[in-house]
Amino acid sequence: MIYHEIYDVIVVGGGHAGTEAALAPARMGLKTLLLTHNIDTLGQMSCNPAIGGIGKGHLVKEIDAMGGLMAIAIDQAGIQFRTLNSSKGPAVRATRAQADRVLYRQAVRTALENQPNLDIFQQEVVDILVENNRAVGAVTKMRLTFKARSVVLTAGTFLAGKIHIGLDNYAGGRAGDPAATMLADRLRDLNLRIDRLKTGTPPRLDARTINFDVLAKQHGDAELPVMSFMGSVDLHPRQIPCYITHTNEQTHDLIRNSLDRSPMYTGVIEGIGPRYCPSIEDKVMRFSDRNSHQIYLEPEGLSTIEVYPNGISTSLPFDVQMGIVNSMKGLEKTRIIKPGYAIEYDYFDPRDLKPTLETKAIEGLFFAGQINGTTGYEEAAAQGLLAGINAALQVQGKEAWFPTRDLAYTGVLVDDLCTLGTKEPYRVFTSRAEYRLLLREDNADIRLTPIAHELGLIDDARWARFNQKMENIEREHERLKQIWIHPQSEHLAVVNELVNSPLTREASGEDLLRRPEVTYDKLTQVAAFAPALDDKQAAEQVEISIKYQGYIEHQQNEIERHKRHENTLIPAEFDYDKVESLSNEVRAKLMQHRPVSIGQASRISGITPAAISILLVNLKKQGMLKRGEL
């Protein structure tokens, strides 16, 4: 049976990628359908109950700057907020929030159900409908076919998912949910490279059986940060602490003595796991010189007894898991509510994607999330947003859009994936971004909100708030430029208390703020420079832009130099075999990756600057040398 209504965009999967992928085209005015195997698990946090962190918080801010949901949802569901790296420079500061799983899921579902132009339908998808090499719909398990002009697939860990606990395993997409086996089989028939990855999760603990009195507490920040540019502390629910315990030699001995029952160490699991979120088995074996590992006990919500022990992800048998838990301080009598497990799943080689996340093999088919080889809610959501935007733009007949590496962490993520691919679950770090001083959390809206407005992604309220902020920044810059302190000023004594060396000549407010020891808050406490802006976001921008002006300008100049060739396009029909001066190895790599620009080509492993120079010469010889927006 064919459903009577034809959609502009169909999104398959209701996780973190799927929700953003569905909301984006709906906000742009396109008729969108979200297909999910279970409406009750929309926005489900399958692993750790937290949003944000180093690099990840930057992605959340970018999603929010473009009208996405994740930041608003965590502001409504966060039960502990912290700013990480708060003592370091603004480029690496990151917001992290512990989440109440139920509140987060409720916030996501409410947003989806109240979004105009968006329909939700509960059914497992078993096939992507492809006609004339173009995705035109999806087929459900009850043989109901939905037609659409583009399709976004966000299947997470469900494609041929296999759950491992000890040497036992069974099909599953995550604990309690079935694997998408039929869809995985169908996708293997398409012209796409597929491999396997693995991830894992720790056992969940019963809070009533934990001795919190002997454990160290970890509170959130006294001055609570917010995640969304439109957010407020008033949105936050009650805040609660986390707790800290540690593994010990008894724990490690138990793990080492149980490796013959580990699916990873006996070769049962073939997929590669996330490097930066290793299992406790991996940590014990890889860091054998350490006699202890720190474990964070994170409450899963305000209305549940479940506790997430961050740091002991494991696929060891249940009896070993019990031993691991009970070997730690404060957990001697703790009961496990849910066992930890590892899950293997299919993922697609992201080098087979365009930077828009459309597959190169099938028009109108977009991939987002863990099926592209990433790990993390934030990475998934950022991809979902981008895929949803481009699915909509394609339907509208408009030019595709994606952020470059100097514009957003989302751009770094997508460029790394599409250019280099990945053999292990990929996560974002600030260290992956060469222009991180420009890609800060605090300026994500300045970088991306005007683009979002042009694309039709944000509402009038957000646009008005953004413009008011920009006006406040401009006015405050001008005000601080105009206020001067001279050696005879009545305010000199107060100013000299702020600075390390007394003033010997006149200085403006901007001059003083450039000094490392002077903050905006301290400066505006001086009567001459009062009052401070009420708009805290604008005040932060004023301080950062003044204090780091020289570094920012240097990085902008570096970007301009790089861009001279970054956006030089390589035509799809360019024949590398005719470039005889390239080595066979370089030619093979270029033909395999088919980079769309010189910038992409330069980031392929083994492509030297000399090879790039040869490419440029040959493009010019053949009259193909042109720059443009990708």
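Glycine is treated like the rest: Cβ placed from N, Cα and C.
As written in Swiss-Prot, here are the features:
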- GLY13, GLY14, GLY15, HIS16, ALA17, GLY18: FAD binding site (BINDING)
- 273-287: NAD(+) binding site (BINDING)
Listed binding-site residues (ALA17, CYS277, MET285), ranked by Cβ neighbours within 10 Å, top entry: ALA17
Residues within 8 Å of the GLY13, GLY14, GLY15, HIS16, ALA17, GLY18 Cβ centre (excluding the FAD site residues themselves): VAL11, THR19, GLU20, ALA21, THR36, THR154, GLY156, ALA368, GLY369, ALA380, GLY384
For PHE287 (NAD(+) binding site), the one of GLY13, GLY14, ALA17 that lies nearest, given that the binding-site residues are compared by Cα: ALA17
Number of Cβ atoms other than its own within 10 Å, given for GLY13 (FAD binding site): 31
Proximal residue to CYS277 (NAD(+) binding site) among binding-site residues GLY13, ALA17, GLY18 (C-alpha distance): ALA17
The one of HIS16, ARG275, LYS283 whose CB sees the fewest other CB atoms within 10 Å, among these binding-site residues: ARG275
Where PHE287 (NAD(+) binding site) falls in three-state DSSP terms: coil
Among GLY15, GLY18, GLY273 [binding-site residues], residue with fewest other Cβ within 10 Å: GLY273
Inter-residue C-alpha distance, MET285 (NAD(+) binding site) and HIS16 (FAD binding site) (nearest angstrom): 32
Residue among binding-site residues GLY273, ARG275, SER279, GLU281, LYS283 with Cα closest to the Cα of GLY15 (FAD binding site): GLY273
In three-state DSSP terms, the structure that ARG275 (NAD(+) binding site) belongs to: coil
From binding-site residues GLY13, HIS16, GLY18, the one whose Cα lies nearest ARG275 (NAD(+) binding site): HIS16
Rounded to the nearest Å - Cα separation of GLY14 (FAD binding site) and SER279 (NAD(+) binding site): 27
Packing count at PHE287 (NAD(+) binding site) (other Cβ atoms within 10 Å of its Cβ): 12
